[in-house]
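The following features are taken from TrEMBL:
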TRANSMEM  A:6-26  transmembrane segment
TRANSMEM  A:33-51  transmembrane segment
TRANSMEM  A:71-91  transmembrane segment
TRANSMEM  A:100-117  transmembrane segment
DOMAIN    A:117-412  domain 'NADH:quinone oxidoreductase/Mrp antiporter transmembrane'
TRANSMEM  A:152-175  transmembrane segment
TRANSMEM  A:195-213  transmembrane segment
TRANSMEM  A:268-287  transmembrane segment
TRANSMEM  A:294-314  transmembrane segment
TRANSMEM  A:326-351  transmembrane segment
TRANSMEM  A:372-390  transmembrane segment
TRANSMEM  A:419-437  transmembrane segment
TRANSMEM  A:457-476  transmembrane segment
Amino acid sequence: MSYLLLLPELLLISLALVIVLLGLMISDRSKNLLGYLSAGGLLASIVFILAIKGEGSFFYDAFVVDPLSQIFKLIFAVVSLLAVIASVTYFKGSRNQDEYYALLLLATVGMMVVASANDLVALFVGFELASMATYVLAGFEKRNPASLEAALKYFVIGSLSSALMLFGMSLVYGITGYTSIPGIIEFFTTNPQAATGAINIVAMLFLVAGFAFKMALVPFHMWAPDTYEGSPTVVSALLAAGSKKMGFVAAFKVLVLALVAMRADIQLAFAVLAVVTMTYGNIVAISQRSIKRMLAYSSIAQAGYISLAFVAITPEMSQMAIGGGILLALGHALMKGGAFIAVAVVGYMVLSDNRNVKNTDDLEHFAGLGKRAPITAFAMLVFLLALAGIPPSAGFIGKFVIFYSITVDAVIQASGWMLFIVIVAILNSALSIYYYARVIRYMYVLPPAGERIKEPTPYVVAIVLALIGTIGIGVYPEPFIQMAMDAAKVLGV
Amino acid sequence: MADLYSYLLVAIIIFTIGSYGIITQRSGIKILMCIELLLNAANINLVAFSSFNGSATGQVFALFSIAIAAAEAAIGFAILIALFRIRDTINLDNINILRW
């Protein structure tokens with residue numbers, strides 16, 4: 001048990017505090033440096049996550065480091081890194097940059113704590129740290145009514161969901177007498193008769209509702225499109241690509257006890273949630289003119305695919321499906337983060353044409369993007385195709401593993417409804433190509449509305465990093481599949 | 001001394017009032033108050049279970065959650081004040097720029 005394993009979190013916490021202090025001392029003009037400083041810190045933290053091998057548990061088993069926590073920490077750190085690099089341009093010249101970067105780093109730490117939490121108390125505290133930092137980030141443009149409205153909606157729904165989650169946790173504590181996750185599992189395995197009580201279903205309902213708000217599953221999704229549309233675009237990238245995955249890792253961790261306690265019910269419930277979520281997300285995305293809103297609905301649809309990971313029943317296939325879910329979560333983080341940053345570039349382009357445009361993310365601004373900003377347009381093309389699940393891309397690998405494991409499971413179980421779910425999911429993927437292709441048509445077929453622009457270097461760096469990740473996972477998936485399967489093994493379903 | 005069920009009943013009543021308020025109220029401040037009610041209902045549960053289980057974990061959890069609720073309220077009021085400055089209202093019915 002070596003405290004080196006805590007280095008990624010400790011580094012980010014101390015960096016956040018140092019940035020707040022530095023912000024008091026340096027002049028407003030040199031605050032851009034803080035962005036590079038946070039990018040450096042996140043990069044170091046990614047290196048630590050990858051380089052320091054080993055497992056351990058800390059603070060009376062409240063905090064564990066294992067393959068599951070490491071892969072999710074990698075996702076969170078990479079997404080924050082992309083968001084920070086893009087923010088260097090997005091918030092250039094703002095005099096509140098110190099608070100911005102400190103909050104962004106603290107949000108990342110909160111997500112990492114959730115990934116490592118082995119106790120409901122630690123899970124709740126980490127969840128709240130990440131949520132509160134992101135409430136403020138969503139409303140960071142405090143002169144922009146849309147940004148504040150996004151923050152208010154996110155805050156009200158987010159704190160409602162934490163209250164539901166806390167109530168669920170209090171019931172779980174009441175039933176079992178433990179707050180630690182292994183303790184709860186042990187209670188249910190030693191007292192099988194306790195697992196059948198009606199109160200368990202109530203507790204589970206509260207927990208699922210609390211997590212589903214974060215994951216933005218239908219019918220708990222109302223806040224997501226508004227928040228993603230109104231927030232600063234780089235923050236939308238963090239919310240869609242990072243903080244959504246926090247809901248998934250918490251659900252993976254806590255719902256293991258549900259899977260132990262009452263196998264069949266939760267799977268059926270998640271199957272219904274997943275199918276409704278992906279269908280609703282894809283159908284509503286079709287009618288959107290605002291690209292940020294379209295990406296928000298597409299990210300709701302992706303959450304539907306990822307939550308198929310809870311559906312498989314046989315142990316091997318269930319493990320594989322969860323591995324696939326983690327893989328898709330990793331891919332989605334890169335694709336969606338990259339796509340939102342590409343939208344930020346378009347916003348930059350539109351504003352440099354005309355300062356007074358209100359809807360910088362409207363579809364019409366994408367006309368002729370292939371000529372105006374070739375790197376962004378090409379990257380956006382790849383991200384959209386990857387979101388639709390076209391090989392070779394990260395989106396394809398994740399979807400393939402999930403659909404494959406559910407299909408095999410359906411054959412083993414001889415269960416018609418599971419096969420039906422896979423068919424619905426594949427039809428949904430086909431449907432989603434329609435609205436992604438529309439953006440591609442605008443970018444490459446329609447004539448451009450202005451001259452070619454010079455894309456700012458930080459944006460290009462962030463986009464190219466996401467692009468390399470998206471294609472890299474698609475072309476050479478073995479190490480990532482291995483990582484995801486190791487992570488799924490920890491859950492030991 | 002009252003039994004466990006009376007405490008849980010109080011918690012559930014408070015929780016119901018809170019959820020009812022969130023659905024029906026339109027003022028930002030009242031919604032914040034209702035969220036506090038929901039969190040405190042969970043705290044009553046935790047402390048009641050803790051006392052009847054004879055373990056202190058629940059009380060520690062309740063302390064954490066009280067601290068978090070305070071931070072959450074601070075952020076909520078900050079967002080409401082920022083909104084009031086530019087919109088002159090915190091009535092949620094009027095806050096509707098973003099819609100599909």
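Just so it is clear, glycine is given a Cβ too, placed from its N, Cα and C backbone atoms.
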Listed stretch, out of A:6-26, A:71-91, A:152-175, A:419-437, A:457-476, that has the most CB pairs under 8 angstroms to the transmembrane segment (A:268-287): A:419-437
The transmembrane segment (A:33-51) vs the transmembrane segment (A:100-117): 3 or more CB pairs under 8 Å: yes
Beyond the flanks of the transmembrane segment (A:372-390) by 6 or more, those residues with Cβ under 8 Å of it: 298, 302, 331-332, 335-336, 338-339, 342, 345-346, 349, 396, 399, 429, 432-433, 436-437, 439-440, 443-444, 448-453, 455, 459-460, 463-464, 466-467, 470-471, 474
CB contact flag for the transmembrane segment (A:457-476) and the transmembrane segment (A:71-91), at least three pairs under 8 A: yes
Range from A:6-26, A:71-91, A:152-175, A:294-314, A:326-351 with most C-beta pairs under 8 A to the transmembrane segment (A:419-437): A:294-314
Touch test for the transmembrane segment (A:100-117) and the transmembrane segment (A:71-91), at least 3 Cβ pairs under 8 Å: yes
Residues from the same chain, set at least six apart from the ends of the transmembrane segment (A:71-91), whose C-beta lies under 8 A from its own: 8, 32, 35-36, 38-39, 42-43, 45-46, 49-50, 97, 100-101, 104-105, 107-108, 111-112, 115-116, 232-235, 237-238, 241-242, 245-246, 249, 326, 329-330, 333-334, 337-338, 341, 344, 348, 456, 458-459, 461-462, 465-466, 469, 483-484, 486-487
